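Novice: Annotations for this protein, taken from TrEMBL, read as follows:
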type	residues	note
DOMAIN	26-83	domain 'Acetyl-coenzyme A synthetase N-terminal'
DOMAIN	85-470	domain 'AMP-dependent synthetase/ligase'
BINDING	ARG194, GLY195, GLY196, ARG197, THR311, SER525, ARG586	CoA binding site
BINDING	GLY387, GLU388, PRO389, ASP411, THR412, TRP413, TRP414, GLN415, THR416, ASP502, ARG517, ARG528	ATP binding site
DOMAIN	533-611	domain 'AMP-binding enzyme C-terminal'
BINDING	VAL539, HIS541, VAL544	Mg(2+) binding site
MOD_RES	LYS611	N6-acetyllysine
Amino acid sequence: MTHSENEVYPPSPEFVAQAHIDGAKYEEMYAASVNDPEAFWGEQGKTLDWIKPYTKVKNTTFEYPNVSIKWFEDGVLNVAANCIDRHLDTRGDQTAIIWEPDDPNAPARHITYRELHEQVSKLGNVLKGLGIAKGDRVVLYMPMIPEAAFAMLACARIGAIHSVVFGGFSPDALASRIEDCSAKLVITADEAPRGGRNTPLKANADKAMEICGDVPMLVVSRTGGGPGMKEGRDHSYEALMAEASADCPPEPMGAEDPLFILYTSGSTGKPKGVLHTSGGYLLYVSLTHKYVFDYHDGDIFWCTADVGWVTGHSYIVYGPLANGATTLMFEGVPTYPDAGRFWAVCEKHKVNQFYTAPTAIRALMGQGPQFVDPYDLSSLKVLGTVGEPINPEAWHWYNDHVGKGRCPIVDTWWQTETGGHLLTPLPGAIPTKPGSATKPFFGVQPVVLDAQSGEEITTTEAEGVLCMKDSWPGQMRTVFGDHERFVKTYFSDYKGYYFSGDGCRRDADGYYWITGRVDDVINVSGHRMGTAEVESALVAHPKVSEAAVVGYPHPVKGQGIYCYVTLMAGEEYTDELREELRQWVRKEIGPIATPDVIQWAPGLPKTRSGKIMRRILRKIAENDFGNLGDTSTLADPSVVDDLIANRANT
Ligand code: WT7
């Protein structure tokens, strides 16, 4: 089955009748938002609680090289107070966080807004007691437990900047992030249970500190396992919390004061520290959470992402809590104890909005309908996807078996850099087409540029690179410690625009279809991976002289990691070494970067000036030999035939 732009699924009249936004309202609000952003966002900004109201709304320019982005710049607020304190009078006893543990037989936790307030306030004081002050960086390397959310919010409460590092990252990756942001504290846990196995977080953090030097650590006891504490460096979370006061007034923060840093991969160099600030970010994630998922008071919202990714920041923690929602946090994996776990959790907690990634849907689809059909999924109202384009097979399976044809599917396109959804249907307003992220959210002005000329394509039907013409409040503000890199990465290729790095097509109805990255970034199970990062991990091995990494189509992951490796002269090309290199990359970066394929490449296709022709390597990995293009500029065209002859089976 291929994508068909003629296959259109409008929401049911019953859904539209109860939705916040219908088609006409979307058109009206969208027009208002782009015709007068100042007025639109000035009004929306009032949905937050301000300690000192803003008088300025938008002060942004994409003009190269003077890029500068400020929203609500003279306003003062506290993000944690917006996510907690302001709800206490109206919903203090409502559950803020439902926590579902990895082990289905262990009890779930229900944390009310009042309890959240107490825990976050105490932790704020614990952080202060450890010497953390406004502007300091705190790295979080945590399991999916409520303490991860407490830690994010406690940082926000006292004005510290958190940087969450995904628990699947290696000690090396953790160390480089601790170093890059000069973290003053690391918050971790002894171990992270996932799928019945424990990831040794504390042991990994110990190893990281052998690389980057000791940093004080606050350690949550999740399993009671893991290594011992290092005297003078490590502190027990439980011990310090037991003595902490619950009186921790929220720190007044400028709207443009940093809230968090989140590292993400790019096409070159080491991961960038994407910096988000307080006011605009919180407004943008709360508004998108409310409208994109059509969230109503009392609904149970579940985003299956890990808090180590931006999806977890925006749609497990900040967006839902700013809206006074009940947000579900799941510690486990979709396939443990079996491929029915997601649906068992939906049934158990009566989930109303469910948000996951196409790769998870494909994996579960592959296990068969017997894992989903027995569950009562009648509470579901809206389904969402994020991370990569969803293929029509997976879309239909999701729609039929999970949504029972009743639930609009919102395919949300966005990025770590964008803070929240940019292209997405509003479920009561925009008929969906399987595989399309449909239309822009309020205030978002997408344009399609011709990749070569950089000219805006103004016809409705268009194909090219996806850029944004103007700023939205959730946009990243800079790369931490390297504003020049920010300007160069996003604003220098196409002057005057924000360049997303994605290609796209706009159809005759003005719907956007993402065609994938146009740079050297690949998307593995919805996780962004710089091919350069995998290459540098490979060449760090003493037997490797050169490596080139590309993506190739993978039935479950979307893209798999295909590596071409040249060994040092005299080294033997063996299967054992191939496996050793896979494990090596896994150790250097983390399990998500484990190569799927390593093809030995005694020679790589290079131009006469020595540049590796990745275009050709991509084609070979994609099994598309008829289409190699011009190979005459290669220094030695015969290497291409060798690579084709020895292509790995995928
Ligand atoms: C890249 C951003 C934003 C949270 C998840 C990943 C791809 C994301 C979609 C979608 C097609 C998508 C893009 C984008 N992507 N959502 N709905 N349809 N592609 O965040 O790691 O910052 O990756 O993910 O290529 O540029 P990220």
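For all residues, glycine too, the Cβ spot is worked out from N, Cα and C.
Please treat TrEMBL annotations as automatic predictions, because they have not gone through curation.
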Novice: What's the CA-CA gap between THR416 (ATP binding site) and THR311 (CoA binding site) in angstrom, rounded?
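Specialist: Cα to Cα, THR416 (ATP binding site) and THR311 (CoA binding site) are separated by 8 Å.
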Novice: Using a Cβ-Cβ cut-off under 8 angstroms and a sequence gap of six or more, which residues of the chain neighbour PRO389 (ATP binding site)?
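Specialist: Result: PRO358, ASP411, GLY435, ALA437, TRP513, ILE514, THR515, GLY516.
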Novice: I'd like to know which of the binding-site residues ARG194, THR311, SER525 sit within 10 A of GLY387 (ATP binding site) at the Cα level.
Specialist: THR311, SER525
Novice: Under a three-state reading of DSSP, tell me whether TRP414 (ATP binding site) is helix, strand or coil.
Specialist: coil
Novice: Which one of the binding-site residues (GLY195, GLY196, GLY387) has its C-beta surrounded by the most other C-beta atoms within 10 angstroms?
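Specialist: Output for this query is GLY387.
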Novice: Filter the candidate list ARG197, THR311, PRO389, SER525, VAL544 of binding-site residues, keeping only entries whose CB is under 6 Å from an atom of ligand 1.
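Specialist: THR311, PRO389, in sequence order.
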Novice: Tally the residues of the domain 'AMP-binding enzyme C-terminal' (533-611) by DSSP class, grouping H, G and I as helix, E and B as strand, and everything else as coil.
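Specialist: Summed by class, the stretch gives 24 helix, 27 strand, 28 coil.
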Novice: When DSSP states are grouped into helix, strand and coil, how many residues of the domain 'Acetyl-coenzyme A synthetase N-terminal' (26-83) land in each?
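Specialist: Output for the domain 'Acetyl-coenzyme A synthetase N-terminal' (26-83) reads 26 helix, 11 strand, 21 coil.
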Novice: Give the three-state DSSP assignment (helix, strand or coil) for PRO389 (ATP binding site).
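Specialist: In three-state terms, PRO389 (ATP binding site) counts as coil.
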Novice: According to DSSP, does THR311 (CoA binding site) sit in a helix, a strand, or coil?
Specialist: helix
Novice: Let me know how many other Cβ atoms fall within 10 Å of the Cβ of HIS541 (Mg(2+) binding site).
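Specialist: Counting Cβ neighbours of HIS541 (Mg(2+) binding site) within 10 Å gives 18.
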Novice: Among the binding-site residues THR311, SER525, which residue has its Cβ surrounded by the fewest other Cβ atoms within 10 Å?
Specialist: SER525
Novice: Which of the three DSSP states, helix, strand or coil, fits GLY196 (CoA binding site)?
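Specialist: Once the DSSP labels are grouped into three classes, GLY196 (CoA binding site) ends up as coil.
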Novice: Give the sequence-ordered list of residues that share a chain with the residue listed as 'N6-acetyllysine', lie 6 or more positions from it, and have CB atoms under 8 Å from its CB.
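Specialist: The list for the residue listed as 'N6-acetyllysine' is empty, so the answer is none.
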Novice: For the recorded Mg(2+) site, enumerate neighbouring residues of the same chain (Cβ within 8 Å of the Cβ centroid of VAL539, HIS541, VAL544, site residues themselves excluded), in sequence order.
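Specialist: Close Cβ neighbours, site residues excluded: ALA537, LEU538, ALA540, PRO542, LYS543, SER545, GLU546, ALA547, VAL565, LEU581, TRP584.
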